[in-house]
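**Student:** Encoded as structure tokens, here's the structure I'll be asking about.
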């Protein structure tokens, strides 16, 4: 089906209905003539309705009649599609392979006729009476940003430093692009700079662009400003010609020093038009452009003389701004009494939870104002916690709360600029819980396809990328994303308004006026009594103790069913679930131990995921799922890939990673539609030769297996795009690898591969090459021919030269180094006329002696240039940070240094390093006082490694290291002294902690145990989910997971914690008892010796008492 027939928030399922009606009129369906005439009539009635709904949806100026028409038409479309699917399915079942209309077959078309006729008549009425509404161009009457411009200086929290930094960048670059999400303060910052330095220019212009701009108006505004109104858009004598206005502006500015600020560029084409009017006259002109679109910022990055400035707003500034806003609206004593830590909570909610995210000042102001407003109006007992307020106000009345209106308008700008298919995909994300950080790309894309929002995976993947480029989906971890909490609140209310999705939290009621089509439950112990027979998607998140109350057999039209980390689901629930014949997407969770034989009844199932469950085998009936496209049994106890699996002829994705599977059956070659095969972290030792028969395979992952040889048949996989053989025993890459002409990613890291074949240079589509920690010592020059190479990882190998032969502007990330932890040095090379400016290098002689380098050789036909890139590991031991380091390495992104002492000046230098992402500090001497890491500084640090005698060398205060994700300590001794807090809870982006101690002081030693206990308590109190490693012990998970569980789960965790503490205390008692027993044995031995030798003859002393003998120094 074509994309125009997709399900959308605007037209509901009208698109698929029209497509299916058209198909039913084809020759393959043997329909009676009367039925065919009914279908033709219905189809002709629905086509104008489909067109009208697309024009009406999303407009704010609709009357009641238009809104009712939208609702009625969408509801009808869903009912029609459900009935059509049943009609087609039953017809095929009774007619075997051919659809035959039987007399006993229920005919739904007569019932549709009247409903379609009514909707069609209402459609004609709206077209006749509402032509002006339909044709009128939607235009904002006011700029939602205007309210926040021209703020009093006292209200511009955190902007002064940003302003200074931006002015400094303008001194070094002709143009600066300010990039940031909606409400980040881009416009405010640009205006501050505009008024601060504007007098230094002969003429200036400031113009804001909306998502659908009239370029004639924009250009006319610029012309009016730079000419002081000498020529305006309203001049009757001038022709309304775009090129004419561009020429006028360019001529006026040709001999003047100008400042131009172009605010909020949405599309690159618009910027190219405006740029034509801004001449490069070498008079020191400056341009500031702001955008929220990532792809535009990336394009700017490649332009000569342009710097991209990522607008940020720190956690501390957000908290201060929130408190300032709250105190204006609520008395201080009331604020303190009723909202302890509220400012911190608001600052956290407004964006600091995810990696790379910073707070949004507009959101902080609006959220603080909204809380204050509802606080004044509400009954104090209506909500007791912040979570209650989020559920009952933010996620229920986000669009209608007056104080949130500026934020809603700002978010609407980005939302309204999306095409309807992207809007629908984004609205579907409201199915996920509040502040959810684990949206999996592949899972979401699959659900979009199952829901009918898109029909092809390539289109779905491209849609996902577009949402990421606009920061509407934000990366958190590898393949994990989130929606910003403010955008999610916006989407939840929007989706509810259009009856696309209904979200229920903590036993809230849906209050649905229409039938619920998509339903998301979060931590419920009772469920609504509404009619659920029309529900298409159902998701359970968090703990659900009363799943027995859910009548799964009533969900007759369910297509998507997902249990995400859902406590309460048991094997016995699956039998009813297997009666949902229309189910296409099923995700189960870790509590399942067995799939029932009834699973074979799900004939329409396309996705089955039982990852992280406790199942040990699949039922034989799995072979009946002939429509299954994706099977995920990763992280289970399965030991064998059963023969029934290879009978699934439509299977496209097979994931058996992290299982106990030891062998791939030869029959794997029969899966002719397979596109992705993941057998990583299994016990497979050999790939069958039949793997070469998988001609549609695009991704092959055999990492962390016992495979010793890459079969020659692999090079027959003509459509392979990703090949991952990392952490295997493979020693050689075949020369025939050049045959993989579609290969984009090649990962051979952590293998014994000794050389890369020269033929690798023929992989013209290769984008990522990872050969880290291999035995490769030289890179073939042919790598320089890879025009599309974007990332090469040569970490922990001896390569010293990398040859580049690009003839076009190009960027490359080189990851290199030899490090004990997961530190990576990323260098951005812009191969353009200014390519050398973006290289981090050093000219100090000492620096070159102490730091190893990789030599990059860039060829310009017969001429070449060499650039040194520092590795940033300082050799030797240093009393303090050397001066040459401060001079030559202040802009590096990683630093490994061994110090005797870290003085205040050195500490401040490290804090202010603007690009520092990874830091290793090794102390030769234990500091007298712990080094206090405070807020302000280390703005980009993500990895921090401390090597010291005791872990108490470092403490963290509020706001410290805001982007830190990985914290690691290595220490050599322990102490039983009082262990104070380290301040782990202040590291708001922390995800992983590692403690490595000397083998002589195990985790059971009193000093070490006390230290680890302190860390455990702080990790448990952290809002994030923290993974803790102690030496090589099994990792423990603390913190953020508590947000997703109920009281019952907390009781289980509490019980486990108490049991762990009890075992620890028991070990301590045994430890002390053993010490006392050893001391008692020594004393008894001494007594025995004393009884035998009560006195000893000693030359020169006569006979002395044994006790006295021990006090006499032994003669030399």
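The backbone N, Cα and C atoms fix where each Cβ goes, glycine too.
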**Student:** In TrEMBL, which of 1053-1073, 1074-1094 is tagged region 'Disordered'?
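**Tutor:** Comparing 1053-1073, 1074-1094 with TrEMBL, region 'Disordered' matches 1074-1094.
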**Student:** Helix, strand, coil: count each for the residues of the domain 'Disease resistance R13L4/SHOC-2-like LRR' (735-795), based on DSSP.
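**Tutor:** Within the domain 'Disease resistance R13L4/SHOC-2-like LRR' (735-795) the tally stands at 15 helix, 9 strand, 37 coil.
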**Student:** Might you confirm whether the domain 'Disease resistance R13L4/SHOC-2-like LRR' (879-1027) is in contact with the domain 'NB-ARC' (163-318), defined here as three or more C-beta pairs under 8 A between residues 6 or more apart in sequence?
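**Tutor:** Touching, yes - the domain 'NB-ARC' (163-318) and the domain 'Disease resistance R13L4/SHOC-2-like LRR' (879-1027) meet the threshold of 3 or more Cβ pairs under 8 Å.
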**Student:** DSSP on the domain 'Disease resistance R13L4/SHOC-2-like LRR' (879-1027): how many residues come out helix, how many strand, how many coil?
**Tutor:** 35 helix, 38 strand, 76 coil
**Student:** For the domain 'Disease resistance R13L4/SHOC-2-like LRR' (879-1027), report the average pLDDT of the model, please.
**Tutor:** 78
**Student:** Do you know the DSSP helix, strand and coil residue counts for the domain 'Disease resistance R13L4/SHOC-2-like LRR' (666-730)?
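**Tutor:** In the domain 'Disease resistance R13L4/SHOC-2-like LRR' (666-730), the DSSP-based counts are 15 helix, 9 strand, 41 coil.
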**Student:** Kindly report the helix/strand/coil residue split of the domain 'Disease resistance R13L4/SHOC-2-like LRR' (534-631) according to DSSP, in that order.
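**Tutor:** Helix/strand/coil tally for the domain 'Disease resistance R13L4/SHOC-2-like LRR' (534-631): 21 helix, 23 strand, 54 coil.
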**Student:** For the domain 'Disease resistance N-terminal' (13-94), jot down how many residues DSSP puts in helix, in strand and in coil.
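**Tutor:** Its residues divide into 66 helix, 2 strand, 14 coil.
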